[in-house]
Amino acid sequence: MFAVLAVLLTAAAAPPGRAVATTPAATAGDPTRTPGAPAYTVDLSSDATGAHWHGHERITFSNVSPDPLQEVYLRLWDNFRGGCANPSVRVTGLGTTQVTQATLLPQDTRGRYEVGCTALRVPLPHPLTQGSSGTVEFDLTIDVPDGIDRFGRDGSFSFIGNALPVLAVRDEAGWHLDPYSELGESFYGLSSDFAVTLDHPTDLLVPATGTAVDTPGEPGRTLTRIGARKVREFAWAAGPFSRIAGRSADGVRIAVYSVADITPKDAQDMLDLSLRTIDAHSASYGAYPYGDLALVLDNRFDFAGMEYPGFVLDWIRPSAVIHELAHQWWYGIVGDDQYRAPWLDESFTEYAMAVAMGDTGEGCTTRTPWRSADERLTNPMSYWDTHPDRYVPVIYDHGSCALHELRRLIGADTMAGLLRDYARAHWYGVSTTADFKAAAQAATPVDLTPFWREHRIG
């Protein structure tokens, strides 16, 4: 059955003053992750600077759960800084339609902002049953704030990560409406398709997730049409970047975009490294599936590097580039709930970086002793946000070390096969700690119970 849900609303959402930060009631117990098969169609136009965008977004999805969907939630992640008082991402003209019956919702039925305006509840006019499909669409305005960040500006260069509203996930825990984490990531999304058109001044380049084709627009402007399939997020940048590009031995196209103070030699070195690294990671975990990758370089990023599917923000530092490229597999292709299980991408990515650099992790267990009984490798971001000095030592250092120790315990060939097979089994899916523990135990006759206990993986 196909029922495209779209009822035009006279207002985008409840006024910001009505924002709440409570977890909504939701059907719990069904492990199915829904809404499924999200597809985003986005048309945006920028001002002369590339820091201000406006346009329209349309999201189609289906309910793959046996439990009906009464509503969906949009994550407006980049409202974390300004909150409800000064949102950077504004949704107006919000609506849902139904093919068989176009109706206007009552005036008092409107979207509602929650979690500091980083989530927007969109009530559906009728429950969406399993197998039915729906659409939400709205007008969108994005204002990139000052500040060199994954969503921010460095002079004439804008970095636009997590700006597009995306669907939240509902699973056995209910709706995932976790708060934004500035220390790490809070993002949890299902593999989605994006068709994005960016209308921008011709003198600005717009590196982005996906494969892009440029055509002339209005005088002095360019239309960049971008397609990205089976990705969890879409990010882009805008500015007068310098660009160089190459193709790896396996055929992956990588373009490096540099801000003004990056030297041509540094840009070329990072391109050469990226071309080698993408193929090395492909050999270890499965062929990189997206064809294109954009690496955006700015040495003033205070976070060293940030991963998005097919799009990386980074410093001039080989280890950081190798790490962020590994995220294309661990978080991008093999997804996870980055808020509730950050070790599943950061620890795995740090391990992949070490392997690519020839670091065997010898003696690593003595480098990161546990500080308290509450520390666990599998703790969520809510723990690390209140213990920020322990995030890197545990999640990055001890997490990578634990995987080195697992390799020594079960053997290098078994470990390599485990990670390759695990990636294949969860390709475009979502990984959990329980999934990985089961896969690891199935790969070896060695009883891993003491190992999980020692490394506090539970």
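Numbers run from 1 along the shown chain.
Just so it is clear, glycine is given a Cβ too, placed from its N, Cα and C backbone atoms.
Copied over from TrEMBL:
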ACT_SITE  GLU324  active site, proton acceptor
ACT_SITE  TYR396  active site, proton donor
BINDING   HIS323, HIS327, GLU346  Zn(2+) binding site
DOMAIN    320-453  domain 'Peptidase M1 membrane alanine aminopeptidase'
SIGNAL    1-21  signal peptide
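Comparing HIS323 (Zn(2+) binding site) with TYR396 (active site, proton donor), their Cα atoms are 11 Å apart once rounded. Counting other Cβ atoms within 10 Å of each Cβ, the lowest count among the recorded positions GLU346, TYR396 belongs to TYR396. Between the alpha carbons (Cα) of GLU346 (Zn(2+) binding site) and the residue listed as 'active site, proton acceptor' lies a span of roughly 10 Å. Separation of the C-alpha atoms of the residue listed as 'active site, proton acceptor' and TYR396 (active site, proton donor): 13 Å, rounded to the nearest whole number.
For the domain 'Peptidase M1 membrane alanine aminopeptidase' (320-453), residue counts in helix, strand and coil come to 80 helix, 4 strand, 50 coil, using DSSP. Across the structure, TYR396 (active site, proton donor) and HIS327 (Zn(2+) binding site) are spaced 13 Å apart at their Cα atoms. Taking the centre of the Cβ atoms of HIS323, HIS327, GLU346 as the Zn(2+) site, the nearby residues of that chain (Cβ within 8 Å, site residues left out) are GLY305, GLU307, GLU324, ALA326, TRP330, TYR331, ASP345, PHE348, THR349, GLU350, ALA352, MET353. Neighbour count (other Cβ atoms within 10 Å of the Cβ, all protein chains): 24 for HIS327 (Zn(2+) binding site).
Cβ contacts within 10 Å of GLU324 (active site, proton acceptor), excluding its own Cβ and spanning all protein chains shown: 24.
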